[in-house]
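**Q** First the structure, which I've put down as structure tokens, then a few questions once you've had a look.
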Amino acid sequence: MSFSDDGWGAEAEVKVAEDVPEKNVPPPVEPPRAPQSTAIKTEPERNSDEPSAGFGIDPITTSKTFGSQTTPKTEFGGAPSLSGFGGNAAAAAANKTSFDQQGNGFGGAAKHGFGGVGGAPSSFGANVIPVNKPSLGHKTTGFGGEPKHVSGGAFSSANNFDQQDKGFGGAASSGFGNGSMLTNQKVGLENQTTGVGASEVPTSKPSSFGQQPAVVSGFGGAAKMGFGGSSSSGFGGQKAGATESSGFPTKETSTSQPGFGGDSSTGFGSGLKAGFGGHGAGAAENSGLPTETTGFGGKLPSAGFGASSSNESAFGQQSKGFGGATKNGFGGDSSSSFGSGSKAGFGGTSSSGIGGQKPGATESSGFPTKETSTSGGTFGSGFGGKPTSTGFGAPSTTDSSSGQQTAGFGGASKPGFGGDSSTGFGSGLKAGFGGHRASTAENSGLPTETTGFGGKLPPAGFGASSSNESAFGQQSKGFGGATKNGFGGDSSNSFGKRDSGFGGPQDQGFGDTDAPSKSGLGSFNTGGGAVKSAFGAAGFGSSSNFGNGNTFGEPSDNQRGNWDGGERPRGCHNCGEEGHISKECDKPKVPRFPCRNCEQLGHFASDCDQPRVPRGPCRNCGIEGHFAVDCDQPKVPRGPCRNCGQEGHFAKDCQNERVRMEPTEPCRRCAEEGHWGYECPTRPKDLQGNFLESYDFVFTPDDKMFEDAVNNDDKIDFDQKVVASTGKVEIPDMASFDGFKILPQDLHDNLKRMKMNRPTPIQRASFFPIMHGNDVVACAHTGSGKTLAFLIPFVIKLMEEFEKDRDVTDEKPSPRLLIVAPTRELVNQTFTTARQLTYETGLKCGLAFGGYSRNANVQHLRSFSQLNILVATMGRLQDFVNAGEVSLSKMKYIVLDEADRMVDSNDFGEEVSKIIGSPGERTQQTVLFSASFSEDLQSDDLPKFVKEGYTMLQVDKFGTANEKIDQKILPVPRTEKRDAIYKLLGIDENTVTLLPDAPIEKQKTLIFVNSVKFCDTLAALISSAGVSTISMHSYQNQEQRDRTLDDFRRGKYQCMVASNVCARGLNIAGLDHVVNYDMPDKNGFDEYVNRIGRTGRAGFTGTSTAFVDVENDTDIIPCLVSILNEAKKEVPEWLTEGAGHQEEGGDDWNEQEQEW
């Protein structure tokens, strides 16, 4: 017969004589190995009628306790007749196998190595010394066995892992704990063993875990120093000089040694005091786990586990042990023991024991008890108790064959836990935990007939001795069994067997090599993903466990969410419907949690109508009940001043000189050293469409403010006529600014830096009215110098006041001059001009507009001890005033730039009125400048903002376009505008490429459209033709807009597509061409004038082109005709026809100039 000789796939055949006489066997000569001098003492054969004592049972007698040896029969650790865990080989003839018996049980009498007998150095379960036969008359082969054939080193004889001398407990050739291939058929002590460490007479079947046919020393066999050896340091071993080996804990006779499992004083299973399963010297019997003193299953006076004494508390002993027979042991038969025989034991014989015996029973049998006639009681009266009880473990119906009940947990019939029928724990027929069948009338404790833990007959008990099922350590399929699927068996499913064992070579072992159908870890055909049910088959990485099937990694078909490897479907968290996620859900948002403010369900905290409840103390004063923003206590700084580093005040209140703190860390934007994030030259990533994104405004350094200054004196018409609406207005006729005698030298120097040598007509006309304190309304075409026209006189006034109040410090930002403009770009441009003009004068200029980080904006305004000039948009100004960040109490002068929008009641008029008040109440001087004023504004809105007697100044005519702009009007239907723009710019409409000498290559062009979205689209179309193009609109954040405008001004881009944000006030140097791709609406007269006014500024000439759709732009055509006429431009005939009937009376808004 062949079997696995190394437990890993290789096969070998070893034939052994049927009967081996007891004699010393010389060791083989092994030059590389150092032999040991220790020899094995022989032991007499044990009588098969000797009571059993191991973790296992005896089919003939009935023991009462768990590990007791007071009666011939045994259960869990009983007398040494059956060969269970820690069993004895004495009953081998009747029981065939033990899990720790004298022969080759776990913890047997062998000596050397882990399962070995001899003394070879560093062998794993090996032995090399010739010794006398152990008690069974054969060499040991099991786990801790003695060598049958001494043959070389570990893993060297026939390459077996469990070989004769150094195998993992093996003595011959095969498997995990298998013995050699012997043929002896003796019965009794020399029976073949199959348990873990069991010893039996060899048969045609290979041996089990830790066994060898006809050999004594399995796991803890008969040698000396093995794991459980018999001499000094074995795990449960026998003392030197012992005549018997008894499996796991051994029996001692004379002296003792202190090995691990030795029989001396401190060994694990030692024989005197504290061993695990040790027994006393001179004891008549050795019964596996129970030994003499304090061992696990000890026998004599101390307190061993399952000891048999009557005075101590051994676990399972006679007195108080676990399963003891006297007083209060675990399973004892007296009064309060666990499973005692009287009343309250766990499994006691009276009324309330769990597993108690039926009324009238004469014996107590520990955990599950034996019954005789009838039973009764309820829960608490029989853990495996009486047939009529219904309690925990109680039966419910009577089995006709046994007279017991069937359904109790530990009941007497079939499915009880410990019942003796079919599925009980320790039951007597099939599936008990350690059950056996000695007869159907007797059920004695945990071990029962068949599939019990340590069971004996056909099914699959732990350590059972049958030949056809899967007992743990049995002959058939036990743990270390010899036939089918034992642990270490050599047949079909054993651990380390030839078919599917651990390392088996055939079907499905660990590291299996050929069979493709089963399921070992790393089996032949599928490796870690085999077909069925081991690690790597239906387990890890296969169809039903980890990595597949219905556990970790992928669910099975019948589970919720079988997605066949696809993405797991997930419904909307808001509405529960599939097909979209919650952020795309068009249903109203449903709160899933209580409101964080009022803790009520049904609404969000942002929608809560209850007063806001602070969740902690005030961050300012530390008192509960209010927020820091509502705290009435003075604000307490949490750290040192950021300016001077001193404690006790905020940076905004710091009286020390403003100190620029050098950065101590890299810039947060570019990670470079040497500058703060707000000074970073790089720009953050564009966030298109996020127009609410704020940023830190980057100011132009003082030394670079004048780099873009251009002298345009040769292009400006200084002879333009200025008309005043009031009596006599002195308009000085000066060729240069030197004629302004009151002009301070610092201001004069700054004008030279700005390359302003001569005042423009509007600057000359507005100078003295403003200096005299009059309210002024000035109208001049774009690019005529309006900004300096109001700045120069006001700066002169501010410089005079600053000399008087130089030491005054404002508690909060309080501007003296307030300039309000409609767009951020115009605010920024005006602020830059004001900084240039006040350079080195001591005056401080600030700005405020949306898009600039609010906190940074506030800090910017607070950084001045005096704020002389503030340039702001209406929205941010209103915010700061309402929040108390800015005070207007010291304001003396107000300027409304692009005033036609600022005073229009349909635009900013209402907000401006709230800020500056009515003219009758207002003491401040007010100046309004714009490129156009309609008659309606003059009559209806201007009186609300300026005082009576104001001065109106006009350069040429109100609302006229700059004559230096060449206006072209083209009839283009809406559907043909794209082709028209391509043609106008010099782009081939078929190939979308630039034509030779394309006009766009020579002209800086600004294209206006009405749709914000179409800005980006048209810019992309033009850019695809190879023209450097960029877009600018209100949906961009302010930093994008500033950067775009700056890049276009500097010539980085040749073309820009913009919405109306670029229509007013922007000075774009060198702009050659303005295109109105879309015309303004019917109210867009002023808008058209301002759009085309971006070119032809400061005396330069420019060109404008308008695409007019006759069908859709009919409302603006009359206004357009009038503008062309007044600008002395040719009006196309088709445009005049388009005006049609609207000509008559349609231009009353453009009547002749009034008499002033």
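Cβ from N, Cα, C; glycine included.
Per Swiss-Prot, the feature region 'Disordered' maps to 1-81, 194-213, 231-423, 436-522, 1135-1156. Look at Swiss-Prot and you will find 24-34 tagged as compositional bias 'Pro residues'. The annotation compositional bias 'Polar residues' is assigned in Swiss-Prot to 60-73, 194-211, 243-258, 307-319, 362-371, 395-406, 440-451, 464-476. What Swiss-Prot records for 342-358, 478-489 (among others) is compositional bias 'Gly residues'. If you look up Swiss-Prot, you'll see 570-587, 593-610, 616-633, 639-656, 665-682 marked as zinc finger, on the strength of sequence analysis. Annotation comment: Swiss-Prot describes 736-764 as motif 'Q motif'. Summarising the annotation, Swiss-Prot assigns domain 'Helicase ATP-binding' to 767-951 and lists sequence analysis as the type of evidence. Positions annotated as ATP binding site by Swiss-Prot, on the basis of sequence analysis: ALA780, HIS781, THR782, GLY783, SER784, GLY785, LYS786, THR787. Annotation source Swiss-Prot lists motif 'DEAD box' at 897-900. Annotated domain 'Helicase C-terminal' per Swiss-Prot: 986-1139, in sequence order. Look at Swiss-Prot and you will find 1145-1156 tagged as compositional bias 'Acidic residues'.
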**Q** Which residues of the chain, 6 or more past the ends of the zinc finger (639-656), have a CB below 8 A from one of its CBs?
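**A** Distant Cβ neighbours of the zinc finger (639-656) are 859, 862.
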**Q** With every protein chain in view, how many other Cβ atoms are within 10 Å of the Cβ of HIS781 (ATP binding site)?
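**A** Result for HIS781 (ATP binding site): 26 other Cβ atoms within 10 Å.
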**Q** Around ALA780 (ATP binding site), how many other C-beta atoms are within 10 angstroms of its C-beta?
**A** 26
**Q** Six or more residues out from either end of the motif 'Q motif' (736-764), which same-chain residues have a Cβ under 8 Å from its Cβ atoms?
**A** 706, 709-711, 713, 716-722, 771, 778, 780, 784-786, 788-789, 792, 795-796, 799, 836-841, 953, 955
**Q** Within 8 Å of the centroid of the Cβ atoms of ALA780, HIS781, THR782, GLY783, SER784, GLY785, LYS786, THR787, which other residues of that chain place their own Cβ, given that this set defines the recorded ATP site?
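**A** Once ALA780, HIS781, THR782, GLY783, SER784, GLY785, LYS786, THR787 are set aside, the remaining close residues are THR760, ILE762, ALA789, ALA931, VAL955, ARG1097.
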**Q** What is the number of other Cβ atoms found within 10 Å of the Cβ of GLY783 (ATP binding site)?
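**A** Its Cβ has 24 other Cβ atoms within 10 Å.
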**Q** Cβ distance under 8 Å to SER784 (ATP binding site), same chain, sequence separation 6 or more: which residues?
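**A** Set apart from SER784 (ATP binding site) by at least 6 residues yet with Cβ under 8 Å, we have GLN720, THR760, PRO761, ILE762, VAL955.
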**Q** Can you break down the zinc finger (570-587) into helix, strand and coil residue counts using DSSP?
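**A** So the counts come to 3 helix, 0 strand, 15 coil.
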**Q** State the count of C-beta atoms found within 10 angstroms of the C-beta of GLY785 (ATP binding site), not counting that atom itself.
**A** 23
**Q** For a quick check of packing: other C-beta atoms within 10 Å of the C-beta of THR787 (ATP binding site), how many?
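**A** Taking every protein chain into account, the count is 23.
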**Q** Could you give the mean pLDDT over the domain 'Helicase ATP-binding' (767-951), rounded to a whole number?
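**A** On average, pLDDT over the domain 'Helicase ATP-binding' (767-951) sits at 87.
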